[in-house]
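Per Swiss-Prot, the feature ATP binding site maps to G12, V13, G14, K15, S16, K17, R131. Annotation comment: Swiss-Prot describes S16 as Mg(2+) binding site, evidence class sequence analysis. Here Swiss-Prot flags D34, R61, G83, R147 as substrate binding site.
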Amino acid sequence: MRKNFALIGPRGVGKSKISRKLSKITGMPVVSTDMIAVYEMGGISIPEFIQENEGDWKTFRDLEFQILVKLKTSRGIILDCGGGILFDLDTKGKEVPSSRKIDLLKSIAVVFGLSKPTEILVEKIQNDPTRPPLSAINSYRSIVENRLPHYRSVSDYYLEIDDLKVEEVCSRILHKIEY
């Protein structure tokens, strides 16, 4: 049975687009943690769910963990992870690396971290109404800057994809897993 692989990285880096292209190349199904979350939440969007929870991401972060638990026995999938998959909230509501989620993710899949320069990501996300709102306290820029070292440290392979075409990113990923 083929091994799973997971794509992690900040919002807007291209994880979903790259995972869909990888699926076309390999025939492996894509499993999106965000899409499973929407299903588990009864079909409401992530922004609506966060709004219903008065801006509190804790319940959503717990749901992400439960999704990873359900995927533990999956084989031969491409896991398209939401941008916050590596994180939980501490008792004060501050985002912190989640050892429970990180350990589980690494037991499920070979992890590929994807990154682009922060300015490119900020520009892409700023006015995208399909993206969940980020905390009023933290700007997207500071969230990305705080998360990047964790994406890098958790990744089995870390790719700076800057201006690479989707096909080139897929080629690099497939080369690493010797597909």
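Glycine residues also receive a Cβ, built from the backbone N, Cα and C atoms like all the rest.
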Residue among binding-site residues K15, K17, R61, R147 with least C-beta crowding, 10 angstrom cut-off: K17
Closest of D34, R61, G83, R147 to G14 (ATP binding site), Cα positions, binding-site residues only: G83
Cβ packing number for G83 (substrate binding site), 10 Å threshold: 25
Alpha-carbon distance [K15 (ATP binding site); R61 (substrate binding site)] in Å: 19
Spatial neighbours of V13 (ATP binding site) that are distant in sequence (at least 6 apart) but have CB under 8 A: L114, S115, K116, L121, I161
Rounded Cα-Cα span from S16 (ATP binding site) to D34 (substrate binding site), Å: 10
Number of Cβ atoms other than its own within 10 Å, given for G14 (ATP binding site): 18
For substrate, whose listed binding residues are D34, R61, G83, R147, the greatest C-alpha pairwise distance in Å: 18
Neighbouring C-beta atoms (10 Å sphere around the C-beta of D34 (substrate binding site)): 21
Under 8 Å by Cβ from S16 (ATP binding site), counting only residues of that chain that are 6 or more apart: S32, D80
All-chain count of other Cβ atoms within 10 Å of G12 (ATP binding site): 20
